[in-house]
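Novice: Swiss-Prot feature annotations, pasted as is:
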type	residues	note
BINDING	Arg46	L-glutamate binding site
BINDING	Ala80, Thr81, Phe104, Thr150, Asp174, Gln197, Asn249, Thr250	pyridoxal 5'-phosphate binding site
MOD_RES	Lys198	N6-(pyridoxal phosphate)lysine
Amino acid sequence: MTDALQIPRDLLPADGRFGAGPSKIQTAHLDALAATGSTLMGTSHRQAPVRDLVGRVRSGLAELFSLPDGYQVVLGNGGATAFWDIATYGLIQERSQHLTFGEFSSKFAKAAKAAPWLADPSVIASEPGSRPAPVAEDGVDAYAWAHNETSTAVMAPVVRPAGTSSDSSLVLVDATSGAGGLPVDLREVDVYYFAPQKCFASDGGLWIALFSPAALERAATVAASGRHIPAFFDLPTAIDNSAKNQTYNTPAVATLFLMAEQLDWMNASGGLDGMVARTTESSDTLYTWAEKSPYAFPYVTDPDHRSLVIGTIDFEDGIDAARVAAVLRANGVVDTEPYRKLGRNQLRIAMYPAVDPADVEALTRSIDWVVDHL
């Protein structure tokens, strides 16, 4: 059995969690959650302890992203997946353009196409492992793409399409796995939305979005247009509740707490620049190793497209990546398997800010050892 191989302990990472999400949660933050005892968990989300926690998350995000004047931090339940439907109800007026370059970026396009009150979206697609670019288009009032395609480990720039303006069209960026680990200038985007279980080292179930003034206005305009919007998807309700440091319905309090702890750590460790420096160090280590390896190579061929926060590494046909992942898992190095629908002979490795760059280097040494002993 290959999973019976014992990797020498001096080669192993100190922490073996490399999953793309749910991702590594710092144990100190779990200890801090336990230490709250009876003061937070199990108390009303309409009272000060939980509302103060929501405020802590919102202010932490404002600090991390240097929130421009007029922008607001809005949050609600359901995760980033729910936000695609929220956007079809409350942000797209008539027609959207979508960049699709993997499983998750394509899902928003499918949601827009399925909405009978919207015109069929414009879709610009590229093969997995590469990325397309947005193009100004008449009749489009929302441009949407992912900052980081989690399934393939391709990152895309966040730049407003040339020839467009927030006066007539919004830029909606799915930053689920990129926010907090990739650089961004929020002045280039109207809604930058994400979830806590990636760079923010928490659990899932919430969506968080940074809204520009134009996006806030659009949400109000669409809501007033007479379009039927289910209460759970109503953005003005979420915006109003968020301004009061609460959510429309009961949030996952532990998720908020772990995110707040991570935000405190991020802001105390150099802010967004410090986090990008961490993910850059980790990804440089991974890709340099793969480029020098006799049996592995980066799946994403263009270095400019390679993600800082997720790495996909292909293996030569003679090496079974699934067997490598199985041995790693048996040795406590977990969740390096590739995205299931991509169907590649590869490993997928998360390098979010909570992951120590030294552990990424140790992972490469462990992989080399496993391949040598298969």
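Placement of Cβ uses the backbone N, Cα and C atoms for every residue, glycine included.
Keep in mind the model is a prediction, meaning the values are calculated, not measured.
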Novice: Round to the nearest Å and give the CA-to-CA distance linking the residue listed as 'N6-(pyridoxal phosphate)lysine' with Ala80 (pyridoxal 5'-phosphate binding site).
Specialist: 11
Novice: Find, for the listed binding-site residues Thr150, Asn249, the residue with the lowest Cβ contact count at a 10 Å cut-off, counting only other Cβ atoms.
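Specialist: Asn249, out of the binding-site residues Thr150, Asn249, has the fewest neighbouring Cβ atoms within 10 Å.
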Novice: Across all the protein chains here, work out how many other Cβ atoms are within 10 Å of the Cβ of Thr250 (pyridoxal 5'-phosphate binding site).
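Specialist: Result for Thr250 (pyridoxal 5'-phosphate binding site): 12 other Cβ atoms within 10 Å.
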Novice: If you measure Thr150 (pyridoxal 5'-phosphate binding site) to the residue listed as 'L-glutamate binding site' at Cα, how many Å is it?
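Specialist: Rounded to a whole number, the Cα-Cα distance is 34 Å.
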Novice: Sort Asn249 (pyridoxal 5'-phosphate binding site) into helix, strand or coil using the DSSP assignment.
Specialist: coil
Novice: Near Gln197 (pyridoxal 5'-phosphate binding site), how many other Cβ atoms are within 10 Å of its Cβ?
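Specialist: Excluding its own Cβ, Gln197 (pyridoxal 5'-phosphate binding site) sees 26 Cβ atoms within 10 Å.
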Novice: Can you give me the Cα-Cα distance between Phe104 (pyridoxal 5'-phosphate binding site) and the residue listed as 'L-glutamate binding site' in Å, rounded to a whole number?
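Specialist: Between the Cα atoms of Phe104 (pyridoxal 5'-phosphate binding site) and the residue listed as 'L-glutamate binding site', the distance comes to 34 Å.
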Novice: If you draw a 10 Å sphere on the Cβ of Asp174 (pyridoxal 5'-phosphate binding site), how many other Cβ atoms land inside?
Specialist: 30
Novice: Of Ala80, Thr81, Asp174, Gln197, Thr250, which binding-site residues are close to Arg46 (L-glutamate binding site), meaning a Cα within 10 Å of its Cα?
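Specialist: Taking Ala80, Thr81, Asp174, Gln197, Thr250 one by one, the ones whose Cα falls within 10 Å of Arg46 (L-glutamate binding site) are Thr250.
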